[in-house]
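Pulled from Swiss-Prot, these are the features on record:
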type	residues	note
TRANSMEM	25-45	transmembrane segment
TRANSMEM	53-73	transmembrane segment
TRANSMEM	85-105	transmembrane segment
TRANSMEM	107-127	transmembrane segment
TRANSMEM	148-168	transmembrane segment
TRANSMEM	198-218	transmembrane segment
Amino acid sequence: MSSQCGSADVTAPKPKGLFNYFSSALWDYNVALVQMLALCPALAVTTTATNGLGMGLATTLVLMITNAIISALRHSISPAVRNPLMIGIIAGVVTLIDMAINAWMHELYKVLGLFIALIVTNCAVLGRAESFCSRNPVLPSILDGRRAWASGFTWVLVVIGGIREILGQRARCSPRPRLLLGEHFRWLEITVLPGFQGILLAILPPGAFIVLGFVLAFKRVVDRRRAERRIRTHGELVVLQ
């Protein structure tokens, strides 16, 4: 697994510039939509946007902490034991995050349940730790985990969860904001389509695959149109020259 996870991030070329860095991680080489990693939580916990956001934030915290630890120890880790040690560090951090959510956000913990522990097997976490954090200083490693790669995974979870929530739960957007923000934020509940009874399939496992398929198809269409626009623009520039 470690060799596959380590090579999962190699296919993305190094972007030049801050905007291209964000664009690459959030869209062009998105962890879930392009590299097709971490699909288990993307399909299992995204029955609501709140669940997707909670899982995304938990993954972001794991990435930030593990990136910092692995980067700080990068000169002390022998290549022979690097992968097992990184997996152990990731497992320890995930355990701490799991216990923290259970203690302070128990309602959210009851929803996410086992899937928090499965962050350990997330190839995106191990692959990023091996390809970037083991070769770079602490601060860039922390920012790398927080800024784009985890954000790209989080927005996919929120979008899939939001679509399934609107279609399957009587078009109510974030019916349980209290899971993340507390009882005082119940007012965030919004009814998007009054009178809509919801589609049961959307909140069932097959619905997760269907929604993911539509999101992937939408991305392919956008990418194709962007490519066609670049080709037309390049052709016009050649003609003008």
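Note that Cβ sites are derived from N, Cα and C of the backbone, with glycine treated the same way.
Relative to the transmembrane segment (53-73), the listed stretch 148-168 leads the set 25-45, 107-127, 148-168, 198-218 in CB pairs under 8 A. Scored by C-beta pairs under 8 angstroms, the transmembrane segment (198-218) has its highest count with 148-168, from the stretches 25-45, 107-127, 148-168. Same-chain residues lying 6 or more positions outside the transmembrane segment (25-45) and placing a CB less than 8 Å from one of its CB atoms are 8-9, 11-12, 51-52, 54-55, 59, 111-112, 115, 118-119, 121-124, 127, 147-149, 151-153, 155-157, 160-161, 205, 208-209, 212, 215-216, 219.
Sequence-distant neighbours of the transmembrane segment (148-168) (same chain, 6+ residues past either end, Cβ-Cβ under 8 Å): 21-22, 24-27, 30-33, 38, 41-43, 45-53, 55-57, 59-60, 63-64, 124, 128, 174-175, 192-193, 198-204, 207-208, 211-212, 214-215.
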